[in-house]
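Heads up, the thing below is written out as structure tokens.
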Amino acid sequence: MELGCWTQLGLTFLQLLLISSLPREYTVINEACPGAEWNIMCRECCEYDQIECVCPGKREVVGYTIPCCRNEENECDSCLIHPGCTIFENCKSCRNGSWGGTLDDFYVKGFYCAECRAGWYGGDCMRCGQVLRAPKGQILLESYPLNAHCEWTIHAKPGFVIQLRFVMLSLEFDYMCQYDYVEVRDGDNRDGQIIKRVCGNERPAPIQSIGSSLHVLFHSDGSKNFDGFHAIYEEITACSSSPCFHDGTCVLDKAGSYKCACLAGYTGQRCENLLEERNCSDPGGPVNGYQKITGGPGLINGRHAKIGTVVSFFCNNSYVLSGNEKRTCQQNGEWSGKQPICIKACREPKISDLVRRRVLPMQVQSRETPLHQLYSAAFSKQKLQSAPTKKPALPFGDLPMGYQHLHTQLQYECISPFYRRLGSSRRTCLRTGKWSGRAPSCIPICGKIENITAPKTQGLRWPWQAAIYRRTSGVHDGSLHKGAWFLVCSGALVNERTVVVAAHCVTDLGKVTMIKTADLKVVLGKFYRDDDRDEKTIQSLQISAIILHPNYDPILLDADIAILKLLDKARISTRVQPICLAASRDLSTSFQESHITVAGWNVLADVRSPGFKNDTLRSGVVSVVDSLLCEEQHEDHGIPVSVTDNMFCASWEPTAPSDICTAETGGIAAVSFPGRASPEPRWHLMGLVSWSYDKTCSHRLSTAFTKVLPFKDWIERNMK
């Protein structure tokens, strides 16, 4: 395939040569063709096509004409290989060519650009670099394409050196500067000694040659491009940079090098040493940081520190100091400790006590791009493995506690199997000093009981079942005394601080007046009806607030629902877990066809009964009864009732075993089906026992429940 492309390209060039050698009297064979040149390229060409592009400089539409011929499918195929819009990539101003509906030979003659970007030249603006001999000048490269290579050689007069200063630098950053970079060497070719290699956008200090020539190389790889760079240069003598300290005099010799004549009391090649007393030279601030004198006598002449001077070091934003924060000038003229460095790092994100964090071993992360796929298809495995790839720089330097190196990965998981994670499971320290992904958190898994089916629910511990107790205020009756607690209802735990309960359980009968929170409490993990038989694992929690639904009707018991906010969080365990809230769309079958499990304690049980000690949490299966049939059923027994949209009626399911009398429990109703967070079956809260007229538990009359589905949004708003 590649050979065919090169053959076609070669033929195209041959055709172009033939065009230039045509005699003037050449007559067009096909008068419908755009011109003689097109006829030579495609003998039967009678049409042309236009390539539409955008000029990068001014963003106007440009283009050019190419000959084309109709194929068997009546499509116009190009008669020659053309480069598409890449010919305009480095243009600052483009020639409009044919993009206006007229015929031309724009592409054939190759007038691509009216003006190139600064630093680029040639018909396609892809050439760069030159030899510079002026005493001063500039090197400007405005933007750059992928895989660019440019070389400049600067020559100075004998006895002079060259000083190069970067005015602007915008290249891809890397600690090793191995992708996009400017490399400065002493001498006039690439074999000279490297003085400096720069990348990123931080301008280096002025660069000075050793001899009278300087070689500048720019290189870009095939992944990213930035704005380029701008540098100025000038010829100077070795003394131009004032290399002598302490007012020493710089003297040039015949070879162009220099010597320093020092004042009394100073010595050294650059007069840098003080003879009169010991002191410490300025340690300088770390790269990407700075220093401050925070103690002691300070500096001498701004360059040396007296004995006892304390210097503190600081880093710029998103950098962290590694090493000694302070250094002191000692009696021997040396600084204490080691010079610190500033490292790009990320502060560890805060997590809750429910989340466990683990630092993963440092490893190279790879990304597969379309270029990798191209290499995989075009080259052998051996050649592909030898192709250069980018690797992140290895971390260096120790960081203070609470910080992590660039590219460090943190893995998160919940500390307990009863919780599930929200947010990212893995986060990476980015170059910006921030972490990828979202902050993790752990919330309790709702509605999960292992290996439980609806027909086998008797004698089970339902971990979301909450026992609601009220404090007595009347005189004792033989079994209760003033101030004692007695069980009044069951509620459902929906998160660590929220219990959903029927509103009539926490209000005065027939009123909307709420019972004082001090006279109510919630017990979780309870199983036996007798409080004396409860295990030590139960949790007795105080209530901080009662939220009554605003539409609660204490007469009809419409909107019979309330929320209890717990003062302390419930401790999630095998015995205490929340139940899920369901939405209508979550039900796989219609609500009327659902088999619902009801659970609760017999709140009317006689404490003096022989079986009271062994009475436990009861459960059974009920079926939903049509609201109209429920009303007619009660009317047949002389009890007129109204079943609202916020209620549903249910009666005992004769095919399923049951040990519960729903009229005596004040319990909760739940259904098991797969949830949105997990395909595994989860139990969802569907209702709360509201009212019943079946005094004998004969199952002749249905029990009315508060339907939880219409109140889902209201519950979730108050769960936060």
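Glycine is no exception: its Cβ is also placed from the backbone N, Cα and C atoms.
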C250, C271 - which one Swiss-Prot pairs with C262 by disulfide: C271
Feature N-linked glycosylation site, as given in Swiss-Prot - residue among N279, N614: N614
Disulphide partner cysteine [Swiss-Prot] for C280, chosen from C239, C244, C329: C329
Cysteine paired with C661, where Swiss-Prot records a disulfide bond, from C630, C649, C697: C697
Other C-beta atoms that fall within 10 angstroms of the C-beta of C260 (disulfide bond): 20
Spatial neighbours of the domain 'EGF-like' (235-272) far in sequence, C-beta under 8 Å, 6+ residues away: 135-136, 156-163, 206, 208, 212, 281, 301, 303
Nearest recorded site to C329 (disulfide bond) by CA-CA distance, among disulfide-bonded residues C150, C177, C199, C260: C260
Overall pLDDT for the domain 'EGF-like' (235-272), taken as the rounded mean: 81
Spatially closest candidate among C199, C262, C661, C697, the listed disulfide-bonded residues, to C239 (disulfide bond) (Cα to Cα): C262
Reduced DSSP assignment, C505 (disulfide bond): helix
In three-state DSSP terms, the structure that N614 (N-linked glycosylation site) belongs to: helix
Residue counts (helix, strand, coil, in that order) that DSSP gives for the domain 'Sushi 1' (278-344): 0 helix, 32 strand, 35 coil
Helix, strand and coil residues within the domain 'EGF-like' (235-272) as assigned by DSSP: 0 helix, 12 strand, 26 coil
